[in-house]
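According to TrEMBL, the protein has these features:
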| type | residues | note |
| --- | --- | --- |
| DOMAIN | 555-647 | domain 'DYW' |
| REPEAT | 207-237 | repeat 'PPR' |
| REPEAT | 238-272 | repeat 'PPR' |
| REPEAT | 309-339 | repeat 'PPR' |
| REPEAT | 340-374 | repeat 'PPR' |
| REPEAT | 375-410 | repeat 'PPR' |
Amino acid sequence: MTSSLAVSPFQVMSSRKNATATQSSKEPPISPASLHATTIPTAADFSTPSQLQQLHARLIKSGLPPSSSASALPLHRVAAVCALSSPSAFSYARRLFGLCDASSETVLWNSHLNTLSSSPSPADALVLFSSLRFAGVASDVFTLSFVLKACSRTPAALPLGRAVHALVEKLGFRYDVFLLNTLVHMYASRGDISAARLLFDVMPAKDVVTWNIMITHYTKTGEMEMARHLFDSMPERSVRSWTAMIAGYGQWKKPREAVRLFREMESAGVQPNEVTVVAVLAACADLGELDLGKRVHEFARRWSFQKNNVRVCNTLIDMYINCGCVEEARQVFDEMAERTVVSWSAMIGGHAMHGQGEEALKLFSRMREAGTEPNGVTFVGLLHACSHMGLLEEGKRFFSSMTEDYGIVPEMEHYGCMVDLLSRAGFLEEAREFIREMPVKANSVVWGALLGGAKMHSNINMGEEALRHLVELDPLNDGYYVVLSNIYADAGRWEDVAKVRRMMKDRGLKKTPGWSTISLDGVVHEFVAGESDHPRIEEVYRGWDELLEKLRCRGYVPDTSAVLLDMDAKEKEKVLYRHSEKLAVVFGLMNTREGRPLRIMKNLRVCSDCHAALKLISEVTDRDIVVRDRNRFHCFRHGSCSCRDYW
């Protein structure tokens, strides 16, 4: 009994398998003396074909007939021991099965195929399947499903998967939805999404699993429009259908769509599971959607997801940190029964982003005491903490320690942190020398850090050198040109400012406008610097004028040096008054109850005038104002900022 798949198992084995089989085939035959060895195994603990034969011989000597002696053996264990051993051992196992109920042989081999297909070496299942086909052992639906599962997990197994597809047709299993679902998954997993879709389209019957498989694989490859088309066409949806789409939107940087779809899911009355919770919390973190994040947190607490799932807790920490609620993040962290390196690293990084460098360093000490080994992400957080606090020597020690004490090879982000640390502290020459001595070529992140330091310390030469490299590495990033233009403007070199602007125009680049958002009652309100189509913008302008009078009474004087345009002081003041974060704060003050914190997201760095104004606003209105800008968080409270004016 052979077929097109009945090839010798040794033709599909790797060299490792060949070596193993060759060694096993040279195993000496069992001598009569060996049957009386003092270490004859029991029925539960044999682990080699030799031990199996010893046990079988002992059962025969005890007077049992051949069929009974074979039946007395744990046959699933026989299959496991003999499946990938020598050909003689495989044949021996088949003879034992034949002495029992011959109809159970396929079931016995299927059990081991299932184990192998889920193991770290799924290719072993393909080797066993080839042996079974070569020996003429019948295949059923379960046999083929386990083999297809192994194919989906094994690189370069697509040709065998196609051959199994042909066998599905030949054996008349073309109407088995479970098996066809496994085939669709195999094709998609091995990168042949076209074949998966073709099979999906011609399937005579589909269930919700079929649709979910295709949607999930489309989301994995970023084909969100195709995934959404299938999702909208589904006759029925499961929680997995919704979750696949929500997670896909989050993965491909479309958090607004993820949140919108989650709200549709709630309206449809579908209860989220733990995976859904993780996906929507990640989207809330990206958007700063604190209200929804809190609601999802309450749901997770009610269903014990927070208590039993470390990943949910880690995502909650990240969500609160990115929404500017470091205290709430720390509470989740402190309540965790089990913490991973991800938990520690997220909390360390969160303290660093919020200007709480001392807490970040204390937490690292606790992490070491707890016996948790840090990773590269941990050290990114520590270096950020040192950079935001100006702790130069501590930062240098951490950078050395990650390699010397923990064997962690620095990545580009670590080098960028060190350049940022040195540049912020004013050691621009040392930062440039550090870049030159890097074992890898510096990327735009590293040179961008040097450019930022040059801006902070008004070093034109260093800024020009950084931009020369950045123009080559990231020529379409308008932000770098704007920074150098600002350095020139600070120095009053307006001709050079004009030169940079001409360079941008020649390359088709425009300055990215500053925008800020504030989320109130689930609605995101956006304000753009200098212009806005917000329906209540005139009301916001009047609100700012009223607030401005209070600020002036407290000594506020507009810092017109923050406007790097060649115009008179009055015009510069008008520009400052229309900065997006000021408008967002005023809108928040107008539409929230007294004492409620305001949380603003901004796409660019906060300017010096807005920073000074927001400190005063927090004091005048007795409000906490949290601004998440491009680089970090600024937490304004009682007239002070968490950054301690070092940013």
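Using N, Cα and C of the backbone, Cβ positions are placed for all residues, glycine too.
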Any idea what the model's mean pLDDT is for the domain 'DYW' (555-647)?
89
Looking only at the repeat 'PPR' (340-374), what are its DSSP counts of helix, strand and coil residues?
26 helix, 0 strand, 9 coil
Summarise the repeat 'PPR' (238-272) by DSSP state, stating how many residues are helix, strand and coil.
26 helix, 0 strand, 9 coil
